[in-house]
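Quick look at what Swiss-Prot lists:
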type: ACT_SITE; residues: Glu84; note: active site, proton donor
type: ACT_SITE; residues: Glu115; note: active site
type: DOMAIN; residues: 56-219; note: domain 'SIS'
Amino acid sequence: MSMLKNINTEKRNPRSFNLDSMSVQESVNLMIDEEYGVIEALKEQSLNIAKIVEVTSQALKKGGRIVYVGAGTSGRLGILDAVECPPTFSVDYNTIIGLIAGGEKAFIQAQEGAEDNPDFGKEDLLKINLTAKDVVIGIAASGRTPYVIGALEYANSIEATTIAISCTKQAKISSYADYNIEAVPGPEVLTGSTRLKAGTTQKLILNIISTLSMVSVGKVYQNLMVDVKPTNEKLVERSKNIICEATGVDYVTAQDFYMKANKSVKVAIVMILNDCDYEQALAILKKNNNFIKS
């Protein structure tokens, strides 16, 4: 019997046995209903997720990086999360990194066999000069991807912190990691298509890890992204609105301080809250480890 048969992500969903003969409305309703399994899976793993947020937060505070490693959908989700962090939080592109089996070209076109070689996982970590300060997060819905296992093995060998995220219980990759999340949303509507519920589950976990890790290092004030990088017109307007929300000033005043603060939302807020100039605001932030304290 194939080893895959016993993995949660490969099991058939009895509710969708007749998917090919359902009406469009029936199948739409089914796919929506099946997503409830995602939230239940996350709730069941909430303690593990919280622990991992603590781990990644500490790593960032000590100058370490978060490195996502995955193949196929899992790898693409890691990249999606990583590339959104620089514009949202003004972190360096090397702070949170997404690696995918087969390299960047695999993001848009599958690279056959790339995920089956554990050495490729190690090689990709060598290319980014992984250190013991970093955290490697291996992502594999099936919990058995050789590329991810190779990466985790190498990370362990240099004493980097390792985390495994899978969508099956007793996942193989869990045994290669210091911490693990085994969030099981149930069999897919389309058997084995882990871009569906498993992919959604993984994406939500990564959302939580990256967002709350950024909160822990002062990138958020209240629930405002005060380190947003205003790289387009929408984000420039959002920046001014954030200043208004955080300080209670009107739009014109926010716009004025935005310019005085060299287009830094965080600095503008500190200037307003502390009634100080640009240089004084920078000093206050440095003293407070880049946190805004009202």
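For all residues, glycine too, the Cβ spot is worked out from N, Cα and C.
Bear in mind that the values here come from a model prediction, so they are computed numbers and not experimental data.
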Going by C-beta under 8 A and a gap of 6 or more residues, the same-chain neighbours of the residue listed as 'active site' are Ala71, Gly72, Ala101, Gly102, Thr145, Pro146, Tyr147, Val148
The residue listed as 'active site' -> DSSP, reduced to three states, gives helix
Long-range Cβ list for Glu84 (active site, proton donor), cut-off under 8 Å, min separation 6+ in sequence, same chain only, gives Ser210
Confidence over the domain 'SIS' (56-219), expressed as mean pLDDT on the 0 to 100 scale, is 97
